[in-house]
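Asker: Copying in the features that TrEMBL gives for the protein in this structure:
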type: TRANSMEM; residues: 20-47; note: transmembrane segment
type: TRANSMEM; residues: 95-120; note: transmembrane segment
type: TRANSMEM; residues: 132-150; note: transmembrane segment
type: TRANSMEM; residues: 162-182; note: transmembrane segment
type: TRANSMEM; residues: 188-206; note: transmembrane segment
type: TRANSMEM; residues: 270-291; note: transmembrane segment
type: TRANSMEM; residues: 303-322; note: transmembrane segment
type: TRANSMEM; residues: 376-397; note: transmembrane segment
type: TRANSMEM; residues: 403-423; note: transmembrane segment
type: REGION; residues: 433-452; note: region 'Disordered'
type: COMPBIAS; residues: 441-452; note: compositional bias 'Polar residues'
Amino acid sequence: MAERSWANAFLRTAGLRVAVLPLSAVLTLTSAGLTMHFAGAAAFGLITLVAQLRMALPFADLGLGAAVSRAVAQADSSVEADRAVAELIRRTSRLLGIVGLIGTFAAVLVGYAGFWSWLFSAPEALHGQLDVAMTISLVLFFLTLPLGLAERVLVGQDRADLLVLLGLVPGAITLVYVYAAGVAGVSPMWLALGLPLGMVIFLLLCRRAADYPTAGRTAGGGRATAGPSMTHILRGGLPVLLASVGLVLLEQHGRIVLAATATAEQLSEYALALQLYMPIYSVMHMAAIVFWPRFSVSLDRSLWLRANAALIGLGSAAAVGYLCLARPVSRLISGGELQPSWSLTIAMTVLLVAQSAHLTQVNLLTDRPGYRRQAAMSCSALVCVVPLTLLGVQHGLGATAPAVAMIAVIVVLQVIPGMLVAARRVSPSAPRISDLPADHSTVQDLTRSTPR
């Protein structure tokens, strides 16, 4: 793609995210303030843990959504390609529906057994509430797995800017729900269900906007009678699954570890710092997505260099904003009851820059060999970050421990090796995408298995 094309998309997506960020922040922080007001600071950490549970469950689509994004990005306007992509979406949706039913059954059993109250050492008064709220959140999550493909289709269609606008929906629904539930005097843990409900509505809107067929029919008529087998789809999704599990659990591990090993106050401090962190990080994340469909078509070295420079620059600017605003905003929304320490604030600032340096590679290494490398980096980082966080807690770092551990593993196990791998992939001597075997190209692979 031309430089103007990626630059316009990058600036438009980042600009939209920055423009809606104040509104998104108001929605998020107001919801957090209301939650703290209605439930208290001690329960705040557990409530956010339940509310944002889906962020810690990246294995939901079994890694299959990445193949859908790549297939949509690579598809041309031919009827054959449209049928191949439609067949991939149909079979992937069926697989996710099966997984969703199994997950729903497991979630009900685990909740009924009181597992969550035991795992997170919940106060006696919150035992039953925590298990019920966690179960409902998980059931909503699993039953909407097929809908999650709509978001992946929009990424492949280069419509990240629309995702930015739709991203306001969960926050708005959460705020309305928390206020209504709090005024109604519901038990504290029920306040956690606003975000899961908001995500359901968000996915329904994504499905309507993506407008893709799920039964194999295309505008050109006819029906794809063959396609990739279920085993083939699952095998292709395995490295994506491992990479996603490692990456997202790496980002979310802090709350889980602190909930099990630290005090309720330390968990709440970290939860609040992370809640301020995620909207800022989302600017970089959404801006980086525009490179996914472009790198799926062409591994251009010039684009790779500019993408790294743009995202690291954006991350540095975001870090300065977090450093200046995190503590005063925390005092404001908690009424002076809770704010991150300076050590935690500085650590989260450095973490923003570290993560920005890896985002280009996340969106470049999206074929099967690339995701195998991403899986190795993400899983090794996850394996190392948990003991490092535990070590930090034991040595008195408290709420700062997860952030310090993440900085270490992201730089050493993701940023450095990721850039080395990406540099080889975009070098002039590396094979171009059009020269790769069909196994490396989703649409080529699908059309070979679809009758002509």
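Just so it is clear, glycine is given a Cβ too, placed from its N, Cα and C backbone atoms.
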Asker: Given pairs 6 or more apart, does the transmembrane segment (20-47) have at least three Cβ pairs under 8 Å with the transmembrane segment (270-291)?
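Answerer: Yes, the transmembrane segment (20-47) contacts the transmembrane segment (270-291).
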Asker: Do at least three CB pairs under 8 A connect the transmembrane segment (162-182) and the transmembrane segment (270-291), leaving out pairs fewer than 6 apart in sequence?
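Answerer: Contact between the transmembrane segment (270-291) and the transmembrane segment (162-182): present.
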Asker: Residues of the same chain, at least six outside the transmembrane segment (303-322), with any C-beta under 8 angstroms of its C-beta?
Answerer: 1, 3, 6, 10, 14, 276-277, 280-281, 283-284, 287-288, 291, 294-295, 345, 348-350, 352-353, 355-357, 359-360, 363-364, 419, 422-423, 426
Asker: Cβ under 8 Å, sequence separation of at least 6 from the ends of the transmembrane segment (162-182): give me the contacting residues as numbers and ranges.
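Answerer: For the transmembrane segment (162-182), the sequence-distant neighbours (Cβ-Cβ under 8 Å, at least 6 residues beyond its ends) are 13, 16-17, 20, 23-24, 27-28, 30-31, 34-35, 37-38, 51, 151, 154-155, 190-191, 193-195, 197-199, 201-202, 205-206, 209, 282, 286, 289.
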